[in-house]
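In TrEMBL this protein carries:
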| type | residues | note |
| --- | --- | --- |
| BINDING | C143, C147, C150 | [4Fe-4S] cluster binding site |
| DOMAIN | 1-106 | domain 'MTTase N-terminal' |
| DOMAIN | 129-359 | domain 'Radical SAM core' |
| DOMAIN | 362-433 | domain 'TRAM' |
Amino acid sequence: MNVHDSERISGVLEEAGYVRSSEEGTADLVVFNTCAVRENADNRLYGNLGRLRSAKQENPGMQIAVGGCLAQKDRGEIVRRAPWVDAVFGTHNLGSLPTLLERARHNEEAEVEILESLDKFPSTLPARRESAYSGWVSVSVGCNNTCTFCIVPALRGKEKDRRPGDVLAEVGALASEGVLEVTLLGQNVNAYGVEFGDRYAFGKLLRSCGDIEGLERVRFTSPHPRDFTDDVISAMAETPNVCPQLHMPLQSGSDRMLKAMRRSYRAERYLGIVDKVRAAMPHAAITTDIIVGFPGETEEDFEATLDVVRKARFASAFTFQYSKRPGTPAAEMEGQLPKEVVQQRYDRLIELQNEISLEANSELVGSEVELLVAEGAGRKNAHTARWSGRARDGRLVHFTPSGEVEDRIRPGDVVRTRVSQAAPHHLLADDGVSEHRRTKAGDHWEVGQRPKTSGVGLGLPTFGAPSAGPAESAEQGCGC
Ligand code: SF4
């Protein structure tokens, strides 16, 4: 969500006449889009701001702006701690940034503007997309849940849904620019439709994405097990361009902990969804998020998590050691665990998950995979002469680009290859490429062209007026 917000911030600034600086250290404006979910976000921000102070002294015309979740949380505190910051804006008013910078320049003092609720749906703002082949599209912002460890509802507000027609218009606009893969974004995509009274809206949206020409891969994040309905599973299974991949946060396998986290599903329900997804899509890669060491977690609770991990057989898991987030109920709870206990449980969880991931990946050795070639997805590629791409199920595959390669392979192209080796976090495919398809996305990547959605016609949901159809809005949707 934050990465996509950054695309919006760039789009807004470019529309206001700013040009991206190509060299480090020469920028006249530096914008930090901050996240408050991970620990130490504030230390890192103030560390970075401290480093920029001397740059600003050398270039007095330079401006520094801070936005995003941490800005929403710390507000005026940011300019108190770093008075050389020129503008602070929150999660609800990304679009105000050029005006704040202008005012700060004119008044020669810092401008702080934080709104309590959404001013404009961020999707109404222009976006400067980072990828030629893959795009984010928000279906909603905010969240109506109250998970006790989470700061998101306090900083992003209540859930606001976009109209399906607007979402589809943006997806269509991206596809018409050659984008092959779209990830639908929401804090709780399964609640999509709550605002306009259609609890099956998300499944319908997935099916409608199936009709968009040129769109080859649809993903989404994140679903909430409480709101997961069977129609979403059938929409996934029956819509060919929806990828066989599900990232569904578990957080804990202990019902007692789930209750303390105020996550209103239980392990049995979670595993029931996993079973249904596997029955409908046997090859789906299911991934998850897990928190270790939530306040009050006993060895027995932790064992319950390991038990669900064994049963669910996740393809991979993002594992987090619980740490306090000021402003959340869990930060005040009794039973905060010592670091050593959390670390030890965390290591055990990682060991188990790595074992499962490796077993699942090993089953794929010998199978053929279709990859969307990705830019910068393999750290060792320069050394190994491999390229990297994502399979349809989201797995990362590093491949050797020899064989039936039609001219040069570019990020955004599609290749087919055979898996030759497995590791817990990736697959290798060293037997060459059996098919290489050059794509419009690859052409765009090659000339440095990125889609630019203008945001025209994409607004807050309203009742009564018919929403714009995808084709119609798609024409206006892209300013590329
Ligand atoms: S559902 Fe997700 S975003 Fe919403 S409160 Fe829970 S963890 Fe936070």
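Cβ coordinates are placed from backbone N, Cα and C, and glycine is handled just like the others.
Here the features listed in TrEMBL are placed on the structure.
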residue	record	CB count, 10 Å
C143	[4Fe-4S] cluster binding site	20
C147	[4Fe-4S] cluster binding site	21
C150	[4Fe-4S] cluster binding site	21
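Looking at the domain 'Radical SAM core' (129-359) alone, the prediction's average pLDDT is 96.
Of the chain residues outside the [4Fe-4S] cluster site list C143, C147, C150, N145, T146, F149, I151, V152, P153, Q187 have their Cβ within 8 Å of the site's Cβ mean position.
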